[in-house]
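Following: one structure in structure tokens, then a few remarks.
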Amino acid sequence: TAEPSFPGPALAAGFGQGSPAIGAAGLVPAAPGAGGTEGSGAAGGSARIAAKKAQLHSSPRPKKLEKLGVYSSCKAEGPCKCNGWKSQNPPPTPPQTDQQTNTVNLQEPCRSCSHTLGDHVTHLEHVSEEEMNRLLGIVLDVEYLYTCVHKEEDADTKQVYFSLFKLLRKSILQMGKPMLEAQETPPFEKPSIEQGVNNFVQYKFSHLPSKERQTIMELAKMFLNQINYWQLETPSQRRQRVPNDDAAGYKANYTRWLCYCNAPQFCDSLPRYETTQIFGRTLLRSVFTVMRKQLLEQARQEKDKLPPEKRTLILTHFPKFLSMLEEEVYSHSSPIWSQDFLVGAAGGQIPIHTGKTHPHTHTPVLGEKRKASEPLHHEENKRPRILGDIPMDLINEVMATITDPVAIPETSLLSAHSARDEAARLEERRGVIEFHVIGNSLSQKPNKRILMWLVGLQNVFSHQLPRMPKEYITRLVFDPKHKTLSLIKDGRVIGGICFRMFPSQGFTEIVFCAVTSNEQVKGYGTHLMNHLKEYHIKHEILNFLTYADEYAIGYFKKQGFSKDIKVPKAKYVGYIKDYEGATLMGCELNPSIPYTEFSVIIKKQKEIIKKLIERKQAQIRKVYPGLSCFKDGVRQIPIESIPGIRTRAGNQKELKDPDQLYSTLKNILQHVKSHQNAWPFMEPVKKTEAPGYYQVIRFPMDLKTMSERLKSRYYTTRKLFMADMQRIVTNCREYNPPESEYYKCANILEKFFYTKIKEAGLIEK
């Protein structure tokens, strides 16, 4: 099938946004409990709830105490089992904020237990207004879910709403944050829908010119946005439509979608995720056919409302885009769903952002953040080249040879220079081994398989750690506060890492780490630790602490641990368990690193650099004729006169004396830093001040970093020094609009810099 041609960048931002809900499965979600029939849409429901919360937040403190008292257990002395204050003149159930009286009497007795309202809210006396407002937000979410439970007709949906209702109710009583208790946490499948579509755009359209590629990206954004606001059909409706489908699998995903994506749109006290970021191909396959049909039908119905240029894009090119994507969604061999999919287009991976944009209150260091509608990429021919940059066309060409299975056969992956975890990664990809985070629970019905795995872990730890008391191992493995990342092979446990998370302190303690003796030296230990690192990055805990004995220190060093502890001592003293004769070691995680794929990335980078060097060598490899001057009696010639020793002679001067070069560059940099227009570039850009900066700028640079590089003698040539300075200027121009103050500072500083370079004689005047 010939690939369709996609014209220029003009494109509708999308259709269907703001449309009414259209039933159980539709383009815009109805409010929970509405069953898709009220037509209110997400925006209306959320806005009404937000308005109620704002009204309640502005109420006097006694009014807030009265509201929270309804959901607070009695604190009076003596046995009182009342779990919420009830007024003598109760309002309709559930209580509403607009039903309050003008005055609040903390001495008013409870209709249930006769104790006063004050007895129910004594625990709130010293609570801050911020915390009070947070709890009141949960109260309104509880009342909204209460309504949803009674209005909802579908049994599966009603059960989920009721579970969320109880969870939030418990959070108010315990004054904690709502945390969904589940064996699995987002994301539920890798790669995600967003990543898969991203890979699809890269896989099919990376060869297109920049303008056409931008059009494809907009089509992809439109599609992903529709999924994020798509109302899934209930499991019972799906069973009627597709009787032979995997009902249990769909119900599990539907429940997750309700808990993590749908309900949090209206109950913002629950953590919210985008559908496209936590679900993968399994969910996409279950909705794609129906969604594609309804999207195209709606496009045809609304075609007369679209401008002519957008009509062609949506009616002609969007169907082609969906058809091509459908092939990849249902194909069993599509590469876009591989976690090893290697991106190699101009500009790197195409960022298709689908989440809601929130207004930033910070002022970016290098200027105002560009608007969301502006593209993140410039055309390659418009982007200024920096000294030392490699053309993207050349990188694309090299990447094609790196990813070509003919060029790099599978057997080379397990060469003598392979990474430690390479064999384990291949086994996981083939399904030979699995990794599961498991733990014991005192509140949920025990799962037989998990209990068997816990027993297996206890046996592995006891056997591999003979100096550790068996009773102690058993107690920690089965302690509900501890979790274990288990390594499963052929249905049995062969290794694991037992740990305890301390989110409030910002670290996790690794208690036991072992792999059964007959499965060692296969890279399982490294791959286990890499999975543990990624699990903690998802849960925003970026520090490990552990006590390692003399036999384990070597292993932990290889995994990035050191004796230099980054966690302040006050954070872990009294929390972590002390072991006599062991060494405390720590590891700080980098959330930007995909640890399970890190060695693959490094290997591919090495291959790319190797190929680039080979190509450069091929270009400069030139055979010169031999020297014939000695036949004529010449006994001695200058070395630089030999052909090939110095291939080009120019006016640009390179200082050969390292100390002289250092002194010259130091003087130039000092003048640049002292310039009145250098203030925006003195230090690295802070993420808190420019949240999107590092998504736009791939190679940041600043004057402080240049000073550190100069001090470490990094600048062995003037070219390296000039390249870093040019990088500062180019980054500023790429991120900031031309009319901004930062853009003007960059222009002035650049002219001043080259003036100083010329004065130093490093380039021709």
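Each Cβ is built from the backbone N, Cα and C atoms, and glycine gets one as well.
Per TrEMBL, the range carrying the annotation region 'Disordered' out of 1-48, 145-192, 481-528, 577-624 is 1-48. If you take the C-beta of GLY525 (acetyl-CoA binding site) and look for same-chain residues 6 or more apart in sequence within under 8 angstroms, you find GLY495, CYS513, VAL515, TYR555. A gap of 25 Å separates the Cα atoms of GLU509 (active site, proton donor/acceptor) and VAL521 (acetyl-CoA binding site).
Ranking the binding-site residues CYS513, VAL515 by the number of CB atoms within 10 A of their own CB puts CYS513 at the top. Confidence in the domain 'N-acetyltransferase' (442-590), given as mean pLDDT, stands at 90.
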